């Protein structure tokens, strides 16, 4: 199965992508992981991407597309993959179509995890991270035993600047503006299956599994 997993920031997409890839016995391909691998290995593409990242600029599509194509061309992708974080725009989706056609592959499903914005904001704004060990808590859903202190090491818990409400709202607005045309692109081809991401994690996992089964 060749699958794209979509979902807004805070939807638990990364976790579900790893679980789905494990269930299917196929690789989980995250663009974040690809970027880090190329940059840490100092590949020509990695060096080019690093120049943009270090300058605080958006990495151009041709660089991102080339990195993704390099990964999809590896033998373990022949029988399937779970793409996480790509494509983000219809332009990238068209580039992906060309890559897959060249490689003799085709998409089977686009799974969209849908979560109300209010819940995504609540999840992010309530998140707290330990300064010492990096453990993550939530003031409502997973609070520490002692407020402001890590259960594991006693370190101070803090709110990341990215988790402030204004910044979360900006990320969500950007996601929606990019994703609406992308979803339409795939809906016109009958590939999109939407699951509710505002349920317990196990139920979301089960619904994704059913969506994949229905796409075979």
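Going from the start of the chain as shown, residues are counted 1 onward.
Placed from the backbone N, Cα and C atoms, the Cβ positions cover glycine too.
What Swiss-Prot annotates here:
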| type | residues | note |
| --- | --- | --- |
| BINDING | 10, 11, 12, 13, 14, 15, 127, 136, 137, 199 | ATP binding site |
| REGION | 30-59 | region 'NMP' |
| BINDING | 31, 36, 57, 58, 59, 85, 86, 87, 88, 92, 160, 171 | AMP binding site |
| REGION | 126-163 | region 'LID' |
| BINDING | 130, 133, 150, 153 | Zn(2+) binding site |
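Overlay of Swiss-Prot annotations on the structure.
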residue : record              : Cβ contacts under 8 Å, 6 or more apart
12      : ATP binding site    : 113, 197, 201, 204
14      : ATP binding site    : 30, 84
57      : AMP binding site    : none
59      : AMP binding site    : 35, 49, 52, 53
86      : AMP binding site    : 4, 29, 31, 64, 68, 92, 96
88      : AMP binding site    : 178, 179, 182
133     : Zn(2+) binding site : 150, 152, 153, 155
137     : ATP binding site    : 127, 128, 129, 130, 143, 144, 150, 151, 157
160     : AMP binding site    : 127, 129
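Note on the region 'LID' (126-163): DSSP counts are 3 helix, 12 strand, 23 coil. Other than the site residues 130, 133, 150, 153, same-chain residues with C-beta atoms no more than 8 angstroms from the centre of those residues' C-beta atoms, the Zn(2+) site, are 131, 132, 134, 135, 151, 152, 154, 155, 157. Remark: residue 10 (ATP binding site) has 115, 120, 123, 124, 168 as non-local neighbours, by Cβ distance under 8 Å and separation of at least 6 in sequence.
Listed binding-site residues: 31, 127, 130, 150, 153. The one with the lowest count of other Cβ atoms within 10 Å of its Cβ is 153. Once the Cα atoms of 10, 11, 12, 13, 14, 15, 127, 136, 137, 199, the listed binders of ATP, are compared pairwise, the greatest separation found is 20 Å.
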